[in-house]
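Participant: Sharing a structure, written as structure tokens. Questions coming.
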Ligand code: FAD
């Protein structure tokens with residue numbers, strides 16, 4: 001008789017409620033991870049993310065082997081096929097209980113419902129855990145028991161829930177019997193996809209090292225430095241969080257410990273608020289499944305007639321719009337699979353307001369490149385930038401990318417790193433080389449739209465919705 005843990009978006013042994021619960025039984029414990037490459041492709045997973053997940057699934061197999069828990073890799077193509085395969089696996093290993101941590105995308109929920117239905121028939125118990133957020137998803141509600149659709153009151157309630165509840169971590173299970181021998185450890189061959197050089201080191205302990213080093217050395221200065229892409233001012237833990245190598249609880253507790261150890265309260269507090277943003281968007285996905293079906297949070301914005309994407313969309317994707325900060329950011333994304341948060345906002349607003357191209361196309365393109373692609377946050381960020389989402393940027397407040405560049409990359413260092421054509425320009429000209437009839441360096445494009453005109457047109461189109 002066996003307890004089976006099905007790992008999905010939670011590739012870690014520490015603070016994993018499904019794993020801890022499965023190991024509370026006296027029955028043997030096993031684990032599985034199902035590869036669904038066609039489904040990943042349908043969900044626009046990037047090669048960088050696929051490679052990251054595979055590397056971490058392999059690392060997880062080794063960690064679990066030390067605890068005496070064998071992990072099997074099951075090959076399916078799509079979620080639909082995975083149910084059959086999971087059933088055979090459970091029958092082969094005489095599984096009595098299946099444990100997993102919940103996921104909230106619409107297809108993931110459909111899959112899990114189908115699994116529950118099938119396993120009820122087979123009389124295999126299914127236990128689900130709410131792991132993805134600090135406060136269990138659905139727990140942070142208004143006084144009227146309604147979901148929040150604005151971040152600030154959500155975060156206030158989130159903080160008071162934490163103060164009332166003192167969430168802790170789920171313990172790493174004790175080793176059970178003998179470790180699984182190295183030759184019995186299942187491995188996924190690495191040659192799955194072409195991907196950029198991995199951005200961060202592989203493994204749970206590497207993730208914790210990065211988190212702790214950030215909190216010790218840079219967390220206190222987060223508030224002042226987080227908006228400057230040329231500075232190493234943010235944690236870069238998003239690939240780990242997006243794929244469950246770290247949990248939100250671990251981040252919150254580590255952040256609070258750093259505050260308790262005398263770190264700069266405000267800087268660390270601002271960073272903790274980012275964990276609240278993540279939880280906010282996961283709750284939005286949970287309460288409003290339409291956002292994971294390409295629908296706008298604000299239904300009235302679905303009437304917007306977006307421009308046909310065409311050549312301008314290609315210019316945006318490849319970093320050839322003639323707006324240096326946009327181009328630098330897109331090239332960073334294309335080459336590394338990551339982009340700084342400030343620039344995600346700038347490039348998303350440029351696409352949706354200045355080029356007036358549908359946010360859904362930008363959302364899918366980001367997903368197809370990001371190593372930290374995470375439906376809830378990516379959708380939330382895109383709908384915020386496009387003014388179609390919860391708490392969205394008001395439609396009339398459109399970032400001017402050149403002003404943003406002057407403010408957040410004042411010396412042009414970030415632009416120089418990613419747009420070598422402009423490397424020789426001084427700190428004044430680099431943000432907008434064609435301004436005041438300046439000569440644009442050879443090989444660099446002229447701006448593909450007029451920033452002021454396109455801003456005005458976008459605002460007018462949003463205003464029309466009101467009439
Ligand atoms: P830090 O600043 O160190 O923050 C710590 C953690 O808090 C992050 O790792 C992340 O998990 C969370 N966080 C920070 N900012 C946000 C935010 N605005 N919304 C939700 N969570 C946040 N984040 C993703 O993880 N995956 C995505 O696919 C994604 N797509 C985005 C698309 C757009 C258009 C925008 C505007 C933002 C997007 N974000 C996404 C949020 C944010 O840009 C990244 O989480 C952040 O840049 C990651 O870098 P970091 O780990 O150094 O963050």
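Any Cβ shown, glycine's included, is placed from N, Cα and C.
What TrEMBL says about a protein is an automatic prediction, not a curated fact.
Predicted, not measured: the structure shown is a model, and the values here were computed from it.
Copied straight from TrEMBL:
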type	residues	note
BINDING	222, 234-238, 271, 274-281	FAD binding site
DOMAIN	1-134	domain 'Photolyase/cryptochrome alpha/beta'
SITE	306	site 'Electron transfer via tryptophanyl radical'
SITE	359	site 'Electron transfer via tryptophanyl radical'
SITE	382	site 'Electron transfer via tryptophanyl radical'
Participant: Sort residue 235 (FAD binding site) into helix, strand or coil using the DSSP assignment.
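Facilitator: Coil, per DSSP.
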Participant: Can you tell me how many other Cβ atoms are located within 10 Å of the Cβ belonging to residue 222 (FAD binding site)?
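Facilitator: Result for residue 222 (FAD binding site): 25 other Cβ atoms within 10 Å.
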Participant: For residue 271 (FAD binding site), what is the tally of other C-beta atoms lying within 10 angstroms of its C-beta?
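Facilitator: There are 25 such Cβ atoms around residue 271 (FAD binding site).
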Participant: Can you tell me which recorded positions out of 222, 235, 271, 275, 281, 382 are within 10 A of residue 359 (site 'Electron transfer via tryptophanyl radical') by Cα, answering none if there aren't any?
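Facilitator: Final answer, ordered: 382.
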Participant: For ligand 1, which among the recorded positions 235, 237, 277, 279, 281, 382 have a CB under 6 Å from it?
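Facilitator: Going through 235, 237, 277, 279, 281, 382 in sequence order, those close to ligand 1 turn out to be 235, 237, 277, 281, 382.
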Participant: When DSSP is mapped onto helix/strand/coil, what comes out for residue 306 (site 'Electron transfer via tryptophanyl radical')?
Facilitator: coil
Participant: Work out how many Å separate residue 271 (FAD binding site) and residue 382 (site 'Electron transfer via tryptophanyl radical') at their Cα atoms, rounded off.
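Facilitator: Checking the Cα atoms of residue 271 (FAD binding site) and residue 382 (site 'Electron transfer via tryptophanyl radical') gives a distance of 21 Å.
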Participant: Averaged over the whole of the domain 'Photolyase/cryptochrome alpha/beta' (1-134), what is the pLDDT?
Facilitator: 96
Participant: With DSSP helix as H/G/I and strand as E/B, how many residues of the domain 'Photolyase/cryptochrome alpha/beta' (1-134) fall in helix, strand and coil?
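Facilitator: Summed by class, the stretch gives 63 helix, 31 strand, 40 coil.
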Participant: For residue 382 (site 'Electron transfer via tryptophanyl radical'), which residues of its chain lie six or more apart in sequence with Cβ-Cβ distance below 8 Å?
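Facilitator: Correct list: 348, 352, 359, 360, 362, 363, 366, 389.
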Participant: Quick one: Cα separation, residue 275 (FAD binding site) versus residue 306 (site 'Electron transfer via tryptophanyl radical'), in Å?
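Facilitator: Answer for this pair: 32 Å between alpha carbons.
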Participant: Can you tell me whether DSSP puts residue 277 (FAD binding site) in helix, strand or coil?
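Facilitator: Helix, per DSSP.
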Participant: Just name the winner among 277, 281 (the binding-site residues) by count of other CB atoms within 10 A of its CB.
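Facilitator: Comparing the binding-site residues 277, 281, the most crowded Cβ belongs to 281.
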Participant: For residue 271 (FAD binding site), which DSSP three-state class applies?
Facilitator: helix
